[in-house]
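Notes to accompany the following structure.
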């Protein structure tokens, strides 16, 4: 092996290691508490303390009841929003589970939609949302 190729390979490895570790900050070794106090810019005594408060069983029951009330009110609101006037049935329409291939008219049921399978060779009207 040529000496210059060996020297270039060593230099390449050194540069790779230097590039990998150059972004890391140097570690400071603190010898005692005095150097810690002099080096730190923030005084630890000035920071507010953190207090942890345990919840009692009564407060947990109240929050659970409130959550259940919120859930029930949301369900009632969603049921009220769903109720909407249905469109009158048009005479030329396809019944539920009937064939609705693209030249056919729309489905009779207002909540039904035409679903096709096998590259639009088999199409039928199906109700997707039962609570519509």
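Glycine is treated like the rest: Cβ placed from N, Cα and C.
What Swiss-Prot records for 1-22 is signal peptide, and it gives sequence analysis as the kind of evidence.
Annotated N-linked glycosylation site per Swiss-Prot: 39, in sequence order.
Each residue in the compositional bias 'Basic and acidic residues' (64-79) gets a DSSP state, and the totals come to 16 helix, 0 strand, 0 coil. The annotation compositional bias 'Basic and acidic residues' is assigned in Swiss-Prot to 64-79.
Summarising model confidence by region, the domain 'Agouti' (93-132) averages a pLDDT of 80. What Swiss-Prot lists as domain 'Agouti' is 93-132.
Around residue 93 (disulfide bond), the same-chain residues six or more apart in sequence whose CB sits under 8 Å from its CB are 105, 106, 107, 108, listed in sequence order. Among the features that Swiss-Prot reports, disulfide bond is placed at 93-108 (among others).
The feature disulfide bond is assigned by Swiss-Prot to 100-114 (among others). DSSP assigns residue 100 (disulfide bond) to coil in the three-state reduction, placing it in neither a helix nor a strand.
Annotation for residue 125 (disulfide bond): spatial neighbours 94, 95, 96, 97, 98, 100, 107, 108, 109, 112, 113, 114, 115, criterion Cβ-Cβ under 8 Å with sequence separation of six or more. Mapped onto three states, the DSSP output places residue 125 (disulfide bond) in strand. Annotated disulfide bond per Swiss-Prot: 107-125 (among others), in sequence order.
Annotation source Swiss-Prot lists disulfide bond at 111-132 (among others), citing sequence analysis. Sequence-distant contacts (6 or more apart, same chain, Cβ under 8 Å) of residue 111 (disulfide bond) comprise 127, 128, 129, 130, 132.
Feature annotation from Swiss-Prot assigns disulfide bond to 116-123 (among others); the stated evidence is sequence analysis. Secondary structure at residue 116 (disulfide bond), taken from DSSP and collapsed to helix, strand or coil, is strand. Cβ-based neighbour count (10 Å, all protein chains) for residue 116 (disulfide bond) stands at 13.
Below 8 angstroms of C-beta separation, not one residue of the same chain at least six residues beyond the ends of the compositional bias 'Basic and acidic residues' (64-79) sits close to that stretch.
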